[in-house]
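Data block below; observations after.
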């Protein structure tokens, strides 16, 4: 048990709370402590009955059962793996910026969920984070199951197909990828590569609550440290090398 506790405490803070909630809320529903009917995102209940908790619970809840358990565990792994890599990599020392990314993606997904009657938001939010990681490491070669190897930029689409095969919904994964693309475009691509204005900015109260842990300028439109280092190493060119690939499942 101490090993599990040490592992859990080693997870970066924001990912740790997200991971814990994604385990706890389905468990509460599975044990019947709270009826799962109160955990879904139902537009009518949220908009007209003022059940304002539903967008939050729908982000963490997943109906775990014999037919969905494997899909849940796979996406829980994706949450742990890629949120940890983003929080300790591109957003290392900048928890406010990372939390703002999650909030921006979450708000976009909630709005889409209300418009499209999507009752579960766990997978879209996880996929949006995975998409951002894949774009920031787009030229990295990753290994998927059965020894397949490809660039990281294709990983979100491979996982979309993989989740569909094991029982997921293409819509959930697609919405997550599109939201992740919107964030990546507004944060990095448009202001940095196309010379456009910054449309996103982390609120100052988040910096006061979660101050950056190292020097430098924080905020959107500023490349993460990993991108700056890669750009310096490549002479400022457009093609980056962000490290070595890894096998999916390796810690």
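Just so it is clear, glycine is given a Cβ too, placed from its N, Cα and C backbone atoms.
Because the structure is a prediction, the values reported are computed rather than measured.
Per Swiss-Prot, the feature N-acetylserine maps to 2; the stated evidence is a large-scale study or a structure entry. In the three-state DSSP reading, residue 2 (N-acetylserine) counts as helix. For residue 2 (N-acetylserine), no same-chain residue 6+ apart in sequence has a C-beta under 8 angstroms from its C-beta.
Annotation source Swiss-Prot lists phosphoserine at 201 (among others), citing a large-scale study or a structure entry.
For 202, the entry in Swiss-Prot reads phosphothreonine, with the evidence type a large-scale study or a structure entry. Its Cβ taken as reference, residue 202 (phosphothreonine) is surrounded by 20 other Cβ atoms within 10 Å in the chains shown.
Taken from Swiss-Prot, the feature phosphoserine applies to 226 (among others), supported by a large-scale study or a structure entry.
Residues annotated as region 'Disordered' in Swiss-Prot: 229-251.
According to Swiss-Prot, the motif 'SHP-box' annotation covers 241-248.
What Swiss-Prot records for 2-15 (among others) is topological domain 'Cytoplasmic'.
Within the same chain, residues 21-22, 24-26, 75, 106, 109-110, 113-114, 117-123, 125, 167 sit at least 6 positions outside the topological domain 'Lumenal' (32-69) and bring their C-beta atoms closer than 8 Å to a C-beta of that stretch. Marked as topological domain 'Lumenal' by Swiss-Prot: 32-69 (among others).
Among the features that Swiss-Prot reports, topological domain 'Cytoplasmic' is placed at 90-94 (among others).
Under DSSP, the residues of the topological domain 'Lumenal' (116-122) split into helix, strand and coil as follows: 2 helix, 0 strand, 5 coil. Per Swiss-Prot, the feature topological domain 'Lumenal' maps to 116-122 (among others).
Broken down by DSSP into helix, strand and coil, the topological domain 'Cytoplasmic' (138-154) contains 6 helix, 6 strand, 5 coil. The topological domain 'Cytoplasmic' annotation in Swiss-Prot covers 138-154 (among others).
Annotated topological domain 'Lumenal' per Swiss-Prot: 167-170 (among others), in sequence order, evidence recorded as experimental evidence. When the topological domain 'Lumenal' (167-170) is classified with DSSP, helix, strand and coil residues number 1 helix, 0 strand, 3 coil.
Taken from Swiss-Prot, the feature topological domain 'Cytoplasmic' covers 190-251 (among others), and the record attributes it to experimental evidence. Over the topological domain 'Cytoplasmic' (190-251), the average per-residue pLDDT in this prediction is 59.
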Close approaches to the topological domain 'Cytoplasmic' (2-15) from elsewhere in its chain (Cβ under 8 angstroms; 6 or more beyond its ends): 79-80, 83-84, 87-88, 95, 98-99, 102
Residues from the same chain, set at least six apart from the ends of the topological domain 'Lumenal' (116-122), whose C-beta lies under 8 A from its own: 22, 40-43, 55, 58-63, 75, 106, 109-110, 171-172, 175
